[in-house]
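Worksheet: the structure to be examined is printed underneath.
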Amino acid sequence: MGGYELVRSDDAAAAGPPDLELGGSGSGNGGGVSAKSRPPSSPPSQGGARQRLVSLDVFRGITVLLMIIVDDAGAFLPALNHSPWDGVTIADFVMPFFLFMVGISLTLAYKRVPDKLEATKKAVLRALKLFCLGLVLQGGFFHGVRSLTFGVDITKIRLMGILQRIAIAYLLAAICEIWLKGDDDVDCGLDVIRRYRYQLVVALLLSTMYTVILNGVYVPDWEYQISGPGSTEKSFSVRCGVRGDTGPACNAVGMLDRTILGIDHLYRRPQCSINYPQNGPLPPDAPSWCQAPFDPEGLLSSVMAIVTCLIGLQFGHIIIHFEKHKGRIINWLIPSFSMLALAFSMDFIGIRMNKPLYTISYALATSGAAGLLFAGIYTLVDVYGFRKLTIPMEWMGKHALMIYVLVACNILPIFIHGFYWREPKNNLLKFIGVGA
């Protein structure tokens, strides 16, 4: 997306004890400043690079590290793995955190948009590049860490995935940030809501559409086939005939993906293996839907992913319109705690937190947690100046996509496995004692 410009943070480590009444971009007279009366921030000097919001890089780096830990340790520590269905574990916060940060980054990147059409064109191209990268990395082109083969049947390529979802959310959020801005003065938190009310209307409409489809669309009985031993086709029939079901078999999220994308283009892994979500044997009483393809990054669930990105936009607006640290932190904490309270209330009355479906309660809970964590990191890094301990996280945050491609998508392990002595099992990893 390119470097985003920072509304500058205090160099607290050198300046002594921080003052929460001091701001990040200069001295202001209030917690917020009028969007009309305040002159635009001066552009960076021609000889220097744009300053970055360090806390955002650190937040992104922590999330990347969490993603790596979850991928590698999830099989040994179930608490770190994704929740099988309802409920939330640590692993279930990774994707929403990335989407939340995309929203904040977009706010800073599109702080000034002199040419809206040109900015929209660039946003579309970036989203398309990210989507295509996701197709290559998660569409089935690479066949696994220990399989030194590649290639994918286009008729069975997985169409959705993590990067594809981020690309869709990025594009919709970017369009909203480019085109749906008001010109109201901003002097308090409510003024931010008023200025960006059209973006909030979009988020409300998307949430309403998701709720109506999830609870109102009729899901009929359906069938699927999988390849058995000897290339034989094995057929399964799943009985549904319901509306509003949020279980694994008969939900509208899976039905829409099977209808629009096609069942051959969905994520293929048994949903109820003994050590799910890792591959493993099926239980003796496995239901008929257990081996059916289901995409946790499907179409309808990505609607709420867009909402998470739009929430991140609003947190970014606080940085733009509030110069004082205290004003920023307060206006982050209030909506964060409010979203968490609403999410737990919804979960209590039966609207369960669910990552595969990306329910509204899940979106609110993860966004609220992201807001609290970001406010805490901002306080430590940009206000109090604790930089030394966060330098590794800052570096990982600046190179998040590269790390994701090389490590999380197993490109680096596949590359290393490709160099071996006489037999594939005698590879470099075995030589240095990591394992075959």
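Here, residue 1 is simply the first one shown, and the rest follow in order.
Glycine residues also receive a Cβ, built from the backbone N, Cα and C atoms like all the rest.
For 23-33, the entry in TrEMBL reads compositional bias 'Gly residues'. Feature annotation from TrEMBL assigns domain 'Heparan-alpha-glucosaminide N-acetyltransferase catalytic' to 52-175. Taken from TrEMBL, the feature region 'Disordered' covers 1-49. Here TrEMBL flags 58-81, 93-111, 123-142, 162-180, 200-219, 299-320, 332-351, 357-381, 401-421 as transmembrane segment.
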Field: Within-chain partners of the transmembrane segment (299-320) [C-beta distance under 8 Å, separation at least 6 from its ends]
entry: 7, 24, 53, 95-96, 99-108, 111, 160, 165, 168-170, 172-173, 176-177, 189, 192, 195-196, 199-200, 202-203, 206-207, 209-210, 213-214, 252-253, 256-257, 260-261, 327-328, 331-332, 335, 339, 356-360, 362-363, 366-367, 370-371, 374
Confidence summary (mean pLDDT) of the domain 'Heparan-alpha-glucosaminide N-acetyltransferase catalytic' (52-175): 89
- prompt: Can you find at least 3 Cβ pairs under 8 Å between the transmembrane segment (162-180) and the transmembrane segment (93-111), where each pair is 6 or more residues apart in sequence?
  reply: yes
Task: Please figure out which one of 123-142, 200-219, 401-421 racks up the most CB pairs under 8 Å against the transmembrane segment (357-381).
output: 200-219
Field: Spatial neighbours of the transmembrane segment (200-219) far in sequence, C-beta under 8 Å, 6+ residues away
entry: 176, 180, 193, 240-246, 250-253, 255-256, 300, 303-304, 306-307, 310-311, 314, 357, 359-360
Message: From the DSSP assignment alone, can you count helix, strand and coil residues within the domain 'Heparan-alpha-glucosaminide N-acetyltransferase catalytic' (52-175)?
response: 83 helix, 4 strand, 37 coil
